[in-house]
Amino acid sequence: MSISMVGLDTCTMRKIHMRPCSSTPAIDSWAISGEYCGKTNLDPEITEPFYGYIVGAYSIGSIVTSQLFSRWSSKTRTVRGPLIACMTCMAIGNIIYFLVPMASVPLRKWMMLIGRLILGAGDNSLALLQGYASTASTPKDRPKAVAVMTCGLSVGFAVAPALQICFSPIGRGFRIFGEVGLDMYSAPAAAALVSSICAILLMRFVFVEEYAGISSKTEEKSVNLPPPDRLALALCCLGRYIQFFTFVNLEAIGAAYVETYFGEQREDVVVFISASHIACGLMSLALYVLYIFMQLGKKVNARLMVISSFLTFCLFYVVTFQWPFADGNIQTYTEVEFRGFLNGTSGEEPLGCNVDRYSWCEPMAPTSKWLYFVAFAILIGFGWPNINICLLTIYSTVIGPRHQAYYHGIYQMCASAARLTGPILMSALYRSAGPRYVWGVAIVVLSVYSLLLSVFYKRLVPLETAQEKRRSKAAVAVVEEPST
């Protein structure tokens, strides 16, 4: 019995319903990007390493619950229930974050840590959606299906910072009750909460679940599916880890880096980071349009595109590297000046790098913030969607036409592990050694992985069933017979 397949056209409209849901994790995750400035207002004693722990808590929640949601989906062979549970976790996490000011100052950072932990459990919705996109399409149309699903992430990455800019005029905002209020830092959490509720309603009343590229249990046995190539799976999972490890550096230390290195005010930091992510999101969205409507996935080699995209990531870090031979020094100030501003004895906020907090301030030459902006928008905006689509396409075809929730749970765990280790390690490295070493680690990691992909290039191929292998051998024999 052959595996029943249908074309993408019969399931495209159903998968479109997932796009608002897939943008929700991006909106929720973005709430952390502007938190550095907001959290130093709520708790001036918070440090970059602890801020890294807060960012990493999101990943701990995702890793701990990953197999729970994946096995739930595999057991029931459905994604609706697990997805609704994930969105509910996101809603609860944002409620806790919004209520952080109710706690006493020493407890606020711990309350936010718990909120991020619960919020991370909802991140598993990405693995469920990726698995569904892979099994709801045929291998021929897999790039388009993956692009339709992951396009929601680019929408989220573009819309979320735009919302942050819209919320910037709120400034200090207003009180709702007690210490709880709506300001430019807490408004994104409120928007993420609304997004989560909308996603729950869409999954419950709009989403239609159908599978085209998956065999039933009986069919899977009849075609005798071989196990996937473990080396190929490991390379794909490693790529997912490195993709997020090198990107999350910019999420974890981005606000602190822009504030200290470019000497920007805290309100301007939020606008700058938001604008750069909007530009990056629009660049990514343009590429998604090419994959969805121009069938770009059928015209490019997925393996070559993955290699070139990781090299593009590497190029971003090379272009924005803090080269020691440049002239000048970044703007600096002392802890005394900062305390004077907090106490009200100084009316002007000190800008730049705190020489009493960072030992690397003095020998650091400045670079253009607009170079950083353009490089982030173009290079990261090009590499991110291509890795999302092409690496996931390779991974799903290596797995083969079987239920993939378990494998995509592992795939997502690698991303969560990067979100956990990246902020903790890179925040500590940034504080002790400065951005040069953070950038240097990223350059080395991306270069080595690109080399590994080139060495094992021929292993990253779709899974072949026993019947397909026999047909391939028969075809080769027919071609070679006339020459013999």
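Backbone N, Cα and C define each Cβ position, glycine as well.
Values in this document were obtained by computation on a predicted structure and should not be read as measured data.
These come from TrEMBL:
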TRANSMEM  50-69  transmembrane segment
TRANSMEM  81-100  transmembrane segment
TRANSMEM  145-165  transmembrane segment
TRANSMEM  185-207  transmembrane segment
TRANSMEM  269-292  transmembrane segment
TRANSMEM  304-325  transmembrane segment
TRANSMEM  370-398  transmembrane segment
TRANSMEM  410-430  transmembrane segment
TRANSMEM  436-457  transmembrane segment
Proximity verdict for the transmembrane segment (269-292) and the transmembrane segment (410-430), three or more C-beta pairs under 8 Å: no
For the transmembrane segment (410-430): best-contacting stretch of 50-69, 81-100, 370-398, 436-457, by Cβ pairs under 8 Å: 50-69
Intrachain neighbours beyond the transmembrane segment (81-100), with Cβ under 8 angstroms and 6 or more residues off its ends: 21, 24-25, 28, 31, 42, 61, 65, 69, 72-73, 108, 111-112, 114-125, 128-129, 180, 186, 189-190, 192-193, 196-197, 199-200, 203-204, 207
Tertiary contacts of the transmembrane segment (304-325), as residues 6+ beyond its ends and Cβ separation under 8 Å: 239, 242-243, 246-247, 261, 363-365, 367, 371-372, 375-376, 379-380, 382-384, 386-387, 390-391, 394, 434-436, 439-440, 442-443, 446-447, 449-450, 453-454
